[in-house]
Amino acid sequence: MAITRKNLFGKLDATLFKGIESATTICKLRGNPYVELIHWLNQLWHQEDNDLKHIVRYFAVDVDAFERGLAQALARLPVGATSISDFSYHIELAIERAWVYASLECLDTRIRSGHLLLAMLTNMELRRALLAIAPEMEKIPLEHLSSDFNFITQASPETNEAATDGSPMYDGTLPGEASNAINGKSTATLAQYTTDLTALAREGKIDPVLGRNHEISTMVDILLRRRQNNPLLTGEAGVGKTAVVEGLALAIVAGEMPPALSQVSLLTLDVVALSAGASMKGEFEARLKNVLDEAMASPTPVILFIDEVHTLVGAGGNAGTGDAANLLKPALARGQLRTIGATTWSEFKRHIEKDPALTRRFQVLQVDEPDEDTAISMLRGLTPALEKHHGVWIMDEALQAAVRLSHRYIPARQLPDKAISLLDTACARVAVAQFSQPAELQQLTFQSETAQTELSSLEKAQHFGKGQDERTALLEATIAQHSAAANKLEQRWQAERELVTAITATRTVLYELVSQPTPDEEKRQQYQQQLAQLEEQLLLIRSAQPLVQAEVNATVIANIVADWTGIQVGQMLKDDIRAVMELPQRLEERVIGQPHALVQLSENIMTARAGMADPRKPLGVFMLVGPSGVGKTETALAIAESMYGGEQNLITINMSEYQESHTVSSLKGSPPGYVGYGEGGVLTEAVRRKPYSVVLLDEIEKAHSDVHELFFQVFDKGQMEDGEGRFIDFKNTILLLTSNVGSELLSNLFADPDTAPDQDGILSALQPELLKVFPAAFLGRVTVIPYLPLQQSALQHIVRLHLDRIGQRLQSQHQLTLQYSDVVVDDVVSRCSVAETGARMLIRYIEQNITPEIGKFILRDHDAIPNQIVFVDKVENKFTVSVLNEKINN
């Protein structure tokens, strides 16, 4: 009968066991694949005292030569292994021969390092291995050592040591297993490389999963098949593929599954752990095969969940060699192993779909991003866990704001993942604010310290006659101002903290009270009154910007989105109805001289927002027709800012780049087999990432007719199929198409304002011109809005607007106020021909003739006193810039 390792290693005394334990650690650190004799001898030699050292000293072995031999032997070992495969054959042989010598020759009950050395000198195979490491050991006479062993080692600490298996601390663990330097052989592969989701569900360690009943039911249908019973969950990162599997585990534990699935164990495979340390060819595949064999042989039915299943394709080696997916195929096809896979759609197309044999063994189950209502329900299921973790109260308005704002302003991620991250961050911010100083107070403290540092430097310079009295006085005033503001803010923060702490405690007591089967009504009313009083006190000491929040609300959510995106909080919290109602006013402020066009645009968008338009179509599809420079692009910018929170939500496509028919693929994405497949299209990817946006198709008349036809599905159904077969949703976008078709006709019609036609007449006159470029089917799907040539009053207004913008820059940069005469405005308008370039010529003229004069004035008189008036005038055909005598009072 073979001797077990447990019994063999248990006979080592404490010195030898510690030595081989540290030898396994050194072996792993050096990257050696096996624990060798050299590791053990090296560690024994570096111990403070033992039999080995007494024997070496007794026989006068050259210590320097012995240590050089150890170092050289270690250097000769192969390196590069990420884990230890096992103990070498020589280790086990040496222990076995040492035990024979100790028990039979020395009548001892444990193995000492001296016994180990005797065994290595006695056995010819071990002797060769020892002398290869340390040739100096040949000087030790075997007979002398054997006969005088007890005398030579009488002072060794090993004399009084017992065998390891005689210690109450010994549990049969092999050397290296306790420190994880070497993997134990007794651990089941299935338990080592998987996590039991059903066990976690029983222990309450999985959060509730809501809103995925359809996906779970479909997955159960697939799992109950006799063959090819393997669902493959595909969907964008963050839509909740893993949560669907966790929902299945919860349903199994809750007894909501049919009998065939009621007793199964749902195990998730850790692919990273499976591949970690698999340095030798075939080791990864061997581990995976052991997992599959144990799963199929398990007495309890097992369903294996492989997240990121595409990592198994090619994971075991290069393409065509040892592909781990090939190990899965037979078991999956025969139905012996039920497997749930999960991967993103792009990874599925890139890796799995290319292997038809693997693809047909899975049934693809698409997990789509939930709508806003479903996502809110999902967050409600997570609310108790978040409240318990952070110790805060989450209002329902915070859940709605997290979903709505993340859906609109964080388009790069998916619901519910981004809403959960947003809500989790909000909870953390509210919890932290109760213990750390607010950002405003920290900023004031920093500014005060910065000013104090500069003041100290100036005071030092003053001793050397280099003082700056004005700067010193300014810094002293700044420090005093910041200190006063910081003290005031500190007091308010402390007061808010105390009240919020009291409110939180009262809410906790009140919640525990009402949770009782028969709550005390009198106490409930008492605590409710106390809570109302505390909240009223908090409102009294607060300003518009609270320093400490008593709960997670919509304002906290909006502040975090503002930090992440840079969009103003007010614009995010503004509801859609108010944004639509303010749209006409916003457009009139930015787009000058187009009242009829703006009214028509506003009315159409209002109709769509009221739900009266076809819900399958985009919010609006408008073709803005007119000369260049009359406000078409500015209209798109104004709508993006008013309706979608900022100009960053404007997607601009220059259609002059799509004059050939083959350029259609760059808009929607290349089809399979073509260069660029899988990278997405310019338009489809932009809308997929920003579903709430204005899409500006500039100079649409220059695009190829095939490109025009591409948009028919967008105009009719509000969606476009990209090159990968995904449908991109355009229902929340506003499409603006700009065109210069009919510009000359419009200029002629409005050459004389008295004979200009009305709006219907303009459209009738434009129709023949448009039909020369666009087919009737295209024009029938868009709303044509003519943009008229700008009149004199509109041009003057535009000039004043641009000069006012220059004045704003002057005020912010130099604290100077800009004024200008009417002569300047009239001169700019009279000198610019706007027939072909529109308002762009006016702006270019101002930037070429007026702005340089202001710039030279600033550089020449750079020490001009702040708060003065800079006046621009036209004198003798030349623009002049001067300072008025009067000064603006703050």
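Each residue, glycine too, has its Cβ placed from N, Cα and C.
Per Swiss-Prot, ATP 1 binding site is recorded for G235, E236, A237, G238, V239, G240, K241, T242, and the stated evidence type is similarity to another entry. Feature annotation from Swiss-Prot assigns ATP 2 binding site to G626, P627, S628, G629, V630, G631, K632, T633; the stated evidence is similarity to another entry. What Swiss-Prot lists as domain 'Clp R' is 9-150, and the listing cites sequence analysis. Residues or ranges marked as region 'Repeat 1' in Swiss-Prot (evidence: sequence analysis): 12-77. Swiss-Prot lists 87-150 with the feature region 'Repeat 2'. Residues or ranges marked as region 'NBD1' in Swiss-Prot: 171-369. Per Swiss-Prot, region 'Linker' is recorded for 370-566, and the stated evidence type is similarity to another entry. Feature annotation from Swiss-Prot assigns region 'NBD2' to 567-789. According to Swiss-Prot, the region 'C-terminal' annotation covers 790-890.
Overlay of Swiss-Prot feature records on the structure.
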residue	record	contacts (Cβ under 8 Å, 6+ apart)
E236	ATP 1 binding site	T344, W345, E369, Q414
A237	ATP 1 binding site	T344, R413, Q414, D417
G238	ATP 1 binding site	R413, Q414, L415, P416, D417, K418
V239	ATP 1 binding site	V367, D368, E369, P370, Q414, L415, P416, D417
G240	ATP 1 binding site	V209, R212, V367, P370, M378, P416, D417
K241	ATP 1 binding site	L233, T234, G235, D307, A342, V367
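T633 (ATP 2 binding site) is 44 Å away from T242 (ATP 1 binding site) when you measure Cα to Cα. In terms of DSSP helix, strand and coil, the region 'Repeat 2' (87-150) has 50 helix, 2 strand, 12 coil. Those same-chain residues not listed among G235, E236, A237, G238, V239, G240, K241, T242 yet with C-beta within 8 angstroms of the centroid of the ATP 1 site C-beta atoms are A243, T344, V367, E369, Q414, D417. Contact between the region 'Repeat 1' (12-77) and the region 'NBD2' (567-789) is absent: fewer than three CB pairs lie under 8 Å, with pairs separated by 6 or more positions in sequence. Within the model, the region 'Repeat 1' (12-77) shows a mean pLDDT value of 90, rounded to a whole number. A simple Cβ count within 10 Å picks out one of the binding-site residues G235, G626, P627 as the most packed, and that one is G626. Of all the binding-site residues given, namely S628, G629, V630, the one with the smallest number of surrounding CB atoms inside 10 A is S628. Annotation for T633 (ATP 2 binding site): same-chain Cβ neighbours under 8 Å, separated by at least 6 residues, are L696, D698, T738.
DSSP classifies P627 (ATP 2 binding site) as coil under the three-state reduction. Secondary structure at K241 (ATP 1 binding site), as computed by DSSP, is helix.
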